[in-house]
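*Asks:* Can you keep this structure in mind? I'll have questions shortly.
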Amino acid sequence: MSVMDLAGTCSSFQSDLDFCSDCGSVLPLPGAQDTVTCTRCGFNINVRDFEGKVVKTSVVFHQLGTAMPMSVEEGPECQGPVVDRRCPRCGHEGMAYHTRQMRSADEGQTVFYTCTNCKFQEKEDS
């Protein structure tokens, strides 16, 4: 038997039963069928190979803290660094800003400015 013949009959990986021994993908849990089939490459494992294997799952719920209500003056848009920019509504010098990636990743960010005096907002695409 040649090496090429052996390659077709044995798997590429030596792995735990959680993973496909042919391509390395995570295997689905055994069901009512006689074999467990890898959803990626179609490699089959006899379901009897899984006898005695215990599957344990657990769900942990973490208690959430209480949310503190924000007043209008203390909202997230009023926080952040302040730049020397004149508010077009009230003329106040000084606007807080924050940035967001609103468009596709290969385009610039959108800068949101908020007047620290009258809370007027404007945006600028950079």
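Every residue gets a Cβ built from N, Cα and C, even glycine.
Straight from Swiss-Prot, here's the annotation block:
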type	residues	note
BINDING	CYS20, CYS23, CYS38, CYS41	Zn(2+) 1 binding site
ZN_FING	20-41	zinc finger
ZN_FING	83-123	zinc finger
BINDING	CYS87, CYS90, CYS115, CYS118	Zn(2+) 2 binding site
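Buried or exposed, and what's around them? Tell me for each listed feature.
*Replies:* In sequence order, CYS20, ASP22, CYS23, SER25, LEU27, ASN44 make up the list of same-chain residues 6 or more apart from CYS38 (Zn(2+) 1 binding site) whose Cβ falls under 8 Å from its Cβ. In the three-state DSSP assignment, the secondary structure recorded for CYS38 (Zn(2+) 1 binding site) is coil.
Per-residue pLDDT, averaged across the zinc finger (20-41), gives 88.
The Cβ of CYS115 (Zn(2+) 2 binding site) lies under 8 Å from the Cβ of CYS87, ARG89, CYS90, HIS92, GLY94, MET95, GLN121, each on the same chain and at least six residues away in sequence. Secondary structure from DSSP puts CYS115 (Zn(2+) 2 binding site) in a beta strand.
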*Asks:* What are the helix, strand and coil residue counts for the zinc finger (83-123) according to DSSP?
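*Replies:* Final tally across the stretch: 0 helix, 21 strand, 20 coil.
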*Asks:* Using the recorded Zn(2+) 1 site (CYS20, CYS23, CYS38, CYS41) as reference, state which further residues of the same chain have their Cβ within 8 Å of the centre of those residues' Cβ atoms, listed in sequence order.
*Replies:* SER21, ASP22, GLY24, SER25, LEU27, THR39, ARG40, GLY42, PHE43
*Asks:* In sequence order, which same-chain residues at least six apart have a C-beta under 8 angstroms from CYS41 (Zn(2+) 1 binding site)?
*Replies:* CYS20, ASP22, CYS23, SER25
*Asks:* Would you mind listing, in sequence order, the residues at least six apart from CYS118 (Zn(2+) 2 binding site) in the same chain with a Cβ closer than 8 Å to its Cβ?
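*Replies:* When sequence neighbours closer than 6 are ignored, CYS118 (Zn(2+) 2 binding site) has CYS87, ARG89, CYS90, HIS92 within Cβ distance under 8 Å.
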*Asks:* Other residues near the Zn(2+) 2 site, CB within 8 A of the CB centroid of CYS87, CYS90, CYS115, CYS118?
*Replies:* PRO88, ARG89, GLY91, HIS92, MET95, THR116, ASN117, LYS119, PHE120
